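Step one of this worksheet: look at the structure below.
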Amino acid sequence: MFDRVEIRIKSGDGGSGKVSFRREKFVPYGGPDGGDGGDGGNVYLEADSGLYSLLNFKHKRVHKAANGENGMGSRCTGHNGADLVIKVPVGTVATIVEENGQKRVLADLAADGDRTLVARGGQGGLGNTHFVSSTNQAPMLAQKGQPGGEYELILELKLIADVAIIGYPNVGKSSLLSLLTAAKPRVANYPFTTLSPVMGVVERTEGTFVMAEVPGLIEDAHLGRGLGHDFLRHISRTRMVIHLLDGTSDNPIDDMIKVNSELYLYDASLSERPQVVAVNKIDDELVQLRREELTETFKEAGLEVFFISALTGEGVEVLLDKVAEKLAILKAADAPETETDQEIKVFRPAPKGKMGFHITRLEDGWQVEAPEIERIIEHSDIEDLEVRRQIMVLLKHRNVQQALIKAGAVIGQKIITGRLEWYL
């Protein structure tokens, strides 16, 4: 199973605003009519019950949403970029890798249709109609669209099953699963026959439930030995486990303790999963002879044990009755409470066009960091004297010069704002 992948996602860039003036016969002073740029497309992850692995991402690692279109004349706003919805299997956990290398879990898509926003598209830039003032009736300024977000993303698929069958390699997990369900796992008499988790549906009169065989766990699996890390994480998505033991083993209870220890060392919460213990191969004469001894040993440890044969089906129905009983209790406990007084979240848009700035002292002058103004500079012809004059007026209206003087700047010093160099 292809159940872990690293991809790169990028939301769409915002379209740039337009510098345009109304040109119409008999309207000599039409004024500015440049439209705003469209917003870039967002990137979403959505759980889809029709998908079962992350194989679709094996050969396509980069996923981009569409950019917003640039603004146009006649106050026409550019089209927003189309959103990108990336479909993933139910049970996918998405983790963002920050620039500093730290990882942050973004979402756990545990149900069909679950959707989460991964990267918001860049906001479209403002057209020159937004820069009209009493002193500037013909603005030559427009704003470049914001760039979209770009992230490294780790997708991990964890099984979602009601019951997991765990145990040492070659204890009969595949045989038991194939006996109880229509699943067809690979069955052979050697360790690690099953190399990926296999799921099947158990049908009973009181209902159905999903059962998964987790490939064999061995000592030091929590350190990645064998196929440990690949499979231990799947157990976290199950309600309970059938701990299957080999009745012909020298010490079945010791085998159980070692596997449970691996669960605890990987994730302490896994060792708290409800377990039903079953000893397989009761059809073997040796196991029949040891049955009373094993029953007493497990009883002393406070454990109820079921003896079964995955080969002949002996004892399996009794085991299933116990599993179904425990499962019904767990499902009832997990049922959501019907609350009417739920908090309603209100989402409000961020203020558009807010132009804050930050001043930094340099060796040979000052730097003014003003993202919104820098987007205007980036989109403007700063070699044009009229454009430069209008930018300076804009900086003055934002009290940038006043703040520079207050910070200690003196007349004649060089100021850098984006790609524009100017002097106080």
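Backbone N, Cα and C define each Cβ position, glycine as well.
What Swiss-Prot says about this protein:
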| type | residues | note |
| --- | --- | --- |
| BINDING | 167-174, 192-196, 213-216, 280-283, 309-311 | GTP binding site |
| BINDING | SER174, THR194 | Mg(2+) binding site |
| DOMAIN | 1-160 | domain 'Obg' |
| DOMAIN | 161-328 | domain 'OBG-type G' |
| DOMAIN | 349-424 | domain 'OCT' |
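SER174 (Mg(2+) binding site) carries a helical DSSP state (H, G or I).
For the domain 'OBG-type G' (161-328), the mean pLDDT of the prediction comes to 80. Counting other Cβ atoms within 10 Å of each Cβ, the binding-site residues ASN170, SER174, SER309 show the lowest value at ASN170. Highest Cβ count within 10 Å among the binding-site residues LYS173, LYS281: LYS173. In the domain 'OCT' (349-424), helix, strand and coil residues by DSSP number 29 helix, 18 strand, 29 coil. Other C-beta atoms found within 10 angstroms of the C-beta of GLY167 (GTP binding site) number 26, with every protein chain shown included.
Comparing PRO215 (GTP binding site) with SER174 (Mg(2+) binding site), their Cα atoms are 9 Å apart once rounded.
In this view, PRO215 (GTP binding site) is surrounded by 24 other Cβ atoms within 10 Å of its Cβ, with every protein chain counted. Cα of LYS281 (GTP binding site) to Cα of SER174 (Mg(2+) binding site): a distance of 13 Å.
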